[in-house]
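Right, one structure below, let's go through it.
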Amino acid sequence: MTTVMPRTIRRLGRAGLGILAEMGRMLLFILGAAAWQVRPPFRLRLIIKQLHFIGFKSSFVVVLTAAFTGMVLALQGYYTLRKFGSEALLGSAVALSMIRELGPVLAALMVTARAGSAMTAEIGIMRITEQIDALDTMAVNPLQYLVAPKVVASLIGVPLLVAIFDVVGIWGGHLVGVELLGVNSGSYWSSIESAVEWKDVYGGILKSISFGLIVSWICCYKGYYTRMSAEGLGTATTEAVVLSSVLILVWDYFLTSVLL
């Protein structure tokens, strides 16, 4: 017993130090990428390319998810509100749920699953095949060439996708609530107008920007420091998606508690 306890304490100490070291390296990584974003040469072409990949190519899955999310919200909300004779408030229930929470969170999760995993795999393969070392040899900073464009594109692309998600989701709720369940169309839109405030919109924008940073930060970091094997790349990709998704949900809670 006397030998087991010190051994356990040492293991816990090493694990704690490892976590702190990892957090420090992650912080230095994103600070380095941020510093290179404001230093020439400015690689606008790479930013546009990444914006097309992260934003445009993720639009289909975002639109599809948004439409069915709004439809399910309207379906569930209608039968709940009908118990209290408040079907006219269906529009506000759908819109507030989409703008405040579901739009930013689900859009960011879709981007993580589609574009974030691809970021990790792309940078990880470049690490394994020593292309990142080749960039260093040619005096091209890898953070500026590989990471900074992805971060900037995510900060722009994710808020745009969230805006699309919100609009499509509200129209999906309109399709089910008005066209299928018979809610008055004027009541649907007027309840949205009276319930949604600018602070809700600003809160959604703030969340989408922070989620875009989380996705690009974690996914690029995991790819940049992947282990030099095929198994290591697979592990890094899985860790990137899981960690990004968890951080999005955790950060959403803290932002919501501050914004409400």
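Glycine too: its Cβ is placed from the backbone N, Cα and C atoms.
These features come from TrEMBL:
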type	residues	note
TRANSMEM	12-36	transmembrane segment
TRANSMEM	56-75	transmembrane segment
TRANSMEM	151-171	transmembrane segment
TRANSMEM	201-221	transmembrane segment
TRANSMEM	233-254	transmembrane segment
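Stretch with the largest number of CB pairs closer than 8 A to the transmembrane segment (12-36), among 56-75, 151-171, 201-221, 233-254: 201-221. Annotation: stretch 151-171 has the most Cβ pairs under 8 Å to the transmembrane segment (201-221), among 56-75, 151-171, 233-254.
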